[in-house]
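Enquirer: Handing you this structure, nothing more for now.
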């Protein structure tokens, strides 16, 4: 009988997936130290949770089925409400934006539409009580919980964006660069435009400056077109027609490598050849539409336009590119049967595709996220294509400044004569900068300055030492309050009656039953001090164990009795009864489950 009990216990432990310190019963606390913690831990293990998995994350059905939603929803509500009975919607959206998420995020569409509908249908005046709040957030609970637990790639997003804004202002000073004039339509660009947008791999967004003004991708489309080609055709096939090495020459030179193919996809000759590989069996319109659909997916279906004026201007004044096209044709660089003029037309069209800094930053973030769009969760590009693309951007993406940029900045990037710089911090974020004045090598002067200042402050350089680079900031590290989540903070919050701090600790998955050297818990301290609201939070929201004994053998109820806190005594006595009942029910359920598991094994 004893061996059977041991086997059942082992199965019960396996069923609770590696619980910590006997947290197998779903009714026992702490809230995020049991089933909820396991669920969130699993979500975090699968690519930092749901924000950028391979499928769009619009709803969290698994959490709903496992019965965890009400408790997670409650904790989110308590954290944002800070003791109030109802939450103004604007307070929720403000708190949401502080995490980096936008109300327009496609993943939150269901949540935001429910909130809007609730406001219209109810007479609450834009206030959500706990029940309404749960209904609104239930389909996005895991994403929202991760956001408020600061479990995104950049935990303290407000602090990080504050630094970015200061760098933006520092780089804003007049540069002395000149707007590109060899394409007549580009010569009309406003030299005062200056904008920067970023999007992390978790979908955190920030923009500063002129980030909603459309501009042509120009050469920034080259790495994107190459990535699409490799995703659809494979690396080996694409590199039969284009090389991988920096040329050491100007981007528009009539030059081939020793194998008789363009040096790389980032020079004009290479980009024209790559354009010729796309959908070779289709007509011009179908080819352009095919690439545009890919670009739209990379941008999370955000703004994408087309400048016909730029396209016509390119065609009328693109003598150098026509010369390159005929040179490639003469050297038989195109696949058999390719129409050289059609390839040039597609190249001109793709250079004339318009984005904004905001939509461009999502495209860059898709590259940073291994080909998966962070705001839709859709897998757009293969991991192989992204790896190859970033490698070539690192070595060849900045014209004749590529070596210097790799040395000083150490990140994959691509510049364009429109004044754009598409910058990728792999596994962290993508950025798009826009400032039309160019330096003598054809790169945005403000953009280069911004990138250099960014890497001088943060340890984003490819070869920065992440452990010992003390002089640089690492925004990926949890800081401040999160770094100091110790039993001292927990017990001090209980001692001082700081329910808001306790809510934050619980939401960040802290074990609310931690003990000090006297084996006293937060519930002991709150009961001894008579903090009724703290006791309520610990027993109602966190479901902590009220029978933990300190080194003198006292449970929290004993402390409340000793210090004559009668309200706390009554509250704890009632909780003892309900806790024992729920524990008995949970043990019975676990016993039944173990028997079923044994029977299925037999």
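In case you wondered, yes, glycine gets a Cβ from its N, Cα and C as well.
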Enquirer: Going by the substrate site in Swiss-Prot, where 219, 314, 321, 347, 399, 417 are listed, which of the candidates 264, 268, 462 is also part of it?
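Expert: Answer, per Swiss-Prot (substrate site with 219, 314, 321, 347, 399, 417), from 264, 268, 462: 268.
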Enquirer: So which of 329, 536, 570 shows up as N6-acetyllysine in Swiss-Prot?
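Expert: Candidates were 329, 536, 570; Swiss-Prot attaches N6-acetyllysine to 329.
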Enquirer: According to Swiss-Prot, N6-acetyllysine sits on which of 212, 279, 414?
Expert: 279
Enquirer: Look up 135, 253, 549 in Swiss-Prot and give me whichever carries the note N6-succinyllysine.
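Expert: Going through 135, 253, 549 one by one, Swiss-Prot annotates 253 as N6-succinyllysine.
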Enquirer: Ten-angstrom check, please: count other Cβ atoms within 10 Å of the Cβ of residue 399 (substrate binding site), all chains counted.
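Expert: So the number of other Cβ atoms within 10 Å of residue 399 (substrate binding site) is 22.
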Enquirer: In sequence order, which same-chain residues at least six apart have a C-beta under 8 angstroms from residue 329 (N6-acetyllysine)?
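Expert: In sequence order, the residues whose Cβ lies under 8 Å from that of residue 329 (N6-acetyllysine) (at least 6 apart) are 340.
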Enquirer: With every protein chain in view, what's the tally of Cβ atoms within 10 Å of the Cβ of residue 321 (substrate binding site), excluding that atom itself?
Expert: 20
Enquirer: Kindly state the mean pLDDT of the repeat 'ANK 1' (518-551) in the predicted structure.
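Expert: Summing pLDDT over the repeat 'ANK 1' (518-551) and dividing by its length gives 92.
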Enquirer: In whole Å, how far is residue 253 (N6-succinyllysine) from residue 399 (substrate binding site) when you measure between their Cα atoms?
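Expert: About 12 Å separates the two Cα atoms.
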Enquirer: Reported as an integer number of Å, what is the Cα distance between residue 284 (N6-acetyllysine) and residue 347 (substrate binding site)?
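Expert: For residue 284 (N6-acetyllysine) versus residue 347 (substrate binding site), the Cα atoms are 11 Å apart.
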Enquirer: Taking just the CA atoms, what is the gap between residue 314 (substrate binding site) and residue 253 (N6-succinyllysine) in Å?
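Expert: Computed Cα spacing between residue 314 (substrate binding site) and residue 253 (N6-succinyllysine) is 17 Å.
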